[in-house]
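*Asks:* Pasting in a structure now, in structure tokens, and then I'll have a few things to ask.
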Amino acid sequence: MRWIVTRIAILFTVVCNSINSGYAQSGAVNPGCGLEMFQCHDGECIAGELLCDGKANCKDQSDETVTECTKMEILCPDYAFRCKYGACVNGDAVCNGIKDCIDNSDETLPQCTTGINNQTNIQCKTNEFMCDNGECIRNIYVCDGIPQCTDESDEVSARCGSVACSSAAFRCAYGACIDGDKRCNQINDCADGSDEDVRLCGGTKWPSPFTTVTTPIIKPTERTTSLPPVTPSARFCKTPSQPPNGHWKLHRSHIDCMRDQDCDIPEGMELQSGSYLVYSCNQGYEIKGPTFVSCSLEGKWLNIPTCAEIRCEALSTASVEARCIHNGNWVSCESPVSPRTTATLACRNSYRRESLLSRQRDRVTCNENGQWEPEPIQCVPVCGILPPDVIPLIVNGVRPNITEFPWHASMYLETQNGTKEYFCGASIIQENLLITAAHCVYDEVTKKIIRNPKLIHILTGNVFRDFDFPWHDQRLVRKGQVKNIYISCNYLGLIGNYVSDIAILELVEPFVLSTWLVPICIDPFSYGDRVVLEAGVYGKVAGFGRTAMSESSAILQALTVPYVPYNQCKSASQNSEKQKYITIDKFCAGYTNGSSVCNGDSGGGLVFKTGELWYLRGVVSVALNTIEQGASTYCDNNVYSLYTRISSHVSWIEDVIERLGQKGQYPLCPDKF
């Protein structure tokens, strides 16, 4: 016997009257999601009733856009409020001081007098982009193929037409840049779908989630007592075995499901292509994969899900120490745990709570839905703190206690014979990221960064310069390897007067922070330098640079240097040609008495104390004069040195950190030559 579908739902329209679950949602059935589901632009599947409900349920926010929410099938009841971009929210939510519409249009009406600022008064941060409707989004999300503005003004040709894409990227028709591997992958990664254009990809174009579909009128199918004839070309799928800890049923659209309810049928029966099965899981289990599974034209069930035991994610991390109890017994917090497990949390050594004013708690319980409640604490690295009992404190420098610079790192380049040669310094800003000078990792001949980042090795906690020195204190010294190098795309090296001489190094494996390995603080406010950097204020820097007696110091040297105002620095420069390097993102520090940073100190951090913490304010960049000795050229120790000003690049630093944290990658600069 064959079970045959004679009615297949192509599009559904749901109008919900429940205030809690939205008002009017519509979405096209997608082969990857199934009936009553909506496919986000990034391929994620969400329930249809979550479409245009005022809240971003898709990670890319594509369920709350003008394109989706102004379709004619999106209907709001009389008692609902329609957001400016088309979504429907509770009518009582207007002017209640809470952002119920994703564009905040329920709180920007003339009648709203609760003191909430109108959108026209909103000012975006320096690292943010203002949408045409007044919203603020991160700069990194502009022209990336995914509309983040609800009016989609971040993904238009007027904005993206002049954007430069890297050689590894694909350029959308309107100018945005996406990962080159996403071209012709049957998912619209460009906002205009140009990465899936039939002329580019060949064959039949995949149905686009951006395409507006007119809702067809579906007439009820009359039931008959006999099955229709089976044509020789029909494809069939045998119903699979019931999943462990779960169950599937035939979708109610099938003619043999009575009273419009999903129904049970035997395993091993044959269903025609286009049939749907509806999966569910037993209590205590959750579905992994799509709820709806369809029989493909090739006679195969697509994306069969599994039922996994509901568990809360592990809480023990490199930054959080957790103790878990379930049914009165201790259990490990290093792996997912069962519901009704309670946990007590604390930040590990060298970490602190992200915020004492948040709703995060140090005692939490795993609920029946596999979520910790209340929200567990988040711990971030303690920065800029020196280990206890240190002695207060390069050319004419002094040998420091290594604990004076727990954030300092040394960079080594692996040669063809396997040895590792020291060449620059760096500063740790978090477990897996360091800051150095761009000229340390930039080839002036090829005008490109070092081709293979993994040739760069890192040492921390070392007093001695040589990588494999036998007297290293193994309790303190840690080794690492660079995974990726990121520089500002404005950097042009010598021909660009060393503007934007700053780089971020990403490690293959993150360091484990400790009392002796502490990241340096980064001031998030660009105006912070105005308060700290004044004439007569002293900072300190460490390195293995050239000494008065030799080309390079075998032992770590430290130098305390004063900040030098711009006019004093410029007038003291002996070479007018060198004054062009005193760019807007540089500042001067040092002496003219022979005490100076020099060759080999490049990339090291100049730090200043603010309150009880040390902050990275500058990166060793350029000497204002050089001298020649034989065939070699050295920095002149009797002039001031230039440092790249961190505050000039703090927005870029934040963008790199955020992008790597959220997406695991940061776009590389396009080739300039």
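Placement of Cβ uses the backbone N, Cα and C atoms for every residue, glycine included.
Per TrEMBL, the feature signal peptide maps to 1-24. Annotation comment: TrEMBL describes CYS33-CYS45, CYS40-CYS58, CYS76-CYS88, CYS83-CYS101, CYS124-CYS136, CYS131-CYS149, CYS165-CYS177, CYS172-CYS190 as disulfide bond. Summarising the annotation, TrEMBL assigns domain 'Sushi' to 261-309. The feature domain 'Peptidase S1' is assigned by TrEMBL to 394-658.
Each of these features: where is it, how hidden is it, and who are its neighbours?
*Replies:* According to DSSP, CYS33 (disulfide bond) sits in a coil region rather than a helix or strand.
All protein chains considered, the CB of CYS58 (disulfide bond) has 22 other CB atoms within 10 Å.
For CYS76 (disulfide bond), the number of other Cβ atoms no farther than 10 Å from its own Cβ, over all displayed protein chains, is 20. According to DSSP, CYS76 (disulfide bond) is assigned to coil rather than to any helix or strand.
Look at CYS101 (disulfide bond): DSSP puts it in coil.
Less than 8 angstroms from the CB of CYS149 (disulfide bond) sit CYS131, ASP132, ASN133, GLU135, ILE137, GLU155, each of them six or more residues away in the same chain.
Residue environment of CYS165 (disulfide bond) contains 18 other Cβ atoms, counted within 10 Å of its Cβ in all protein chains.
If you draw a 10 Å sphere around the CB of CYS172 (disulfide bond), it holds 26 other CB atoms from the protein chains shown.
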*Asks:* Relative to the Cα of CYS40 (disulfide bond), which of the disulfide-bonded residues CYS76, CYS83, CYS88, CYS124, CYS190 has the closest Cα?
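*Replies:* The smallest Cα gap between CYS40 (disulfide bond) and any of the disulfide-bonded residues is with CYS190.
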*Asks:* Which residue among the disulfide-bonded residues CYS45, CYS136 has the fewest other Cβ atoms within 10 Å of its Cβ, if you could check?
*Replies:* CYS136
*Asks:* Consider the disulfide-bonded residues CYS76, CYS101, CYS165, CYS177, CYS190 and say which one has the Cα lying nearest the Cα of CYS33 (disulfide bond).
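*Replies:* Out of the listed candidates, the nearest Cα belongs to CYS190.
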*Asks:* I need the most crowded of these disulfide-bonded residues: CYS33, CYS131. Count other C-beta atoms within 10 angstroms of each C-beta and give me the top one.
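*Replies:* Buried the deepest by this measure is CYS33.
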*Asks:* Under DSSP, the domain 'Sushi' (261-309) has how many residues in helix, strand and coil?
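*Replies:* Looking at the domain 'Sushi' (261-309) with DSSP, the answer is 0 helix, 23 strand, 26 coil.
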*Asks:* Just how many other Cβ atoms lie inside 10 Å of the Cβ on CYS88 (disulfide bond)?
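*Replies:* Counting Cβ neighbours of CYS88 (disulfide bond) within 10 Å gives 25.
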*Asks:* Any idea what the Cα distance is from CYS45 (disulfide bond) over to CYS58 (disulfide bond), rounded to a whole Å?
*Replies:* 8
*Asks:* Sort CYS83 (disulfide bond) into helix, strand or coil using the DSSP assignment.
*Replies:* coil
